[in-house]
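Working notes, beginning with the structure itself.
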């Protein structure tokens, strides 16, 4: 009986893995998620009493933890089912992608020259893509 339970759980896990498309390019996943968000915006706004913290500044890449905490709050307060479930599944996949990318932020020591090149690129992005507040 116990072996049957283990095999059932293994089969369930395997079917779950194959049910989630892992080969979708992230850009396509983000586009689909934006479409789903637009489609379900009215449903998601339904709870007018719910308050979710929103980061003050516009540098979204610095606030991923806060954004995903807000998504978790919204998900826990939203009735699941249908395509809204797909929205939250996509957001979960995007979070996994971002978490994987964050792991690339460290762990490798390089020469000072390589660090300075990276720093210069970082400051260039800040200069062109960020809204710098006075």
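Yeah, the Cβs are placed from backbone N, Cα and C, and that goes for glycine too.
Keep in mind it's a predicted model, so treat the numbers as computed, not measured.
The feature O-linked glycosylation site is assigned by Swiss-Prot to 22.
For residue 47 (N-linked glycosylation site), the number of other Cβ atoms no farther than 10 Å from its own Cβ, over all displayed protein chains, is 12. Positions annotated as N-linked glycosylation site by Swiss-Prot, on the basis of sequence analysis: 47 (among others).
For 90 (among others), the entry in Swiss-Prot reads N-linked glycosylation site. Proximity of residue 90 (N-linked glycosylation site) to non-local residues of its own chain (separation of 6 or more, Cβ distance below 8 Å) is seen for 29, 32, 33, 36, given in sequence order. Mapped onto three states, the DSSP output places residue 90 (N-linked glycosylation site) in helix.
The feature signal peptide is assigned by Swiss-Prot to 1-19.
Following the DSSP three-state reduction, the secondary structure of residue 47 (N-linked glycosylation site) is coil.
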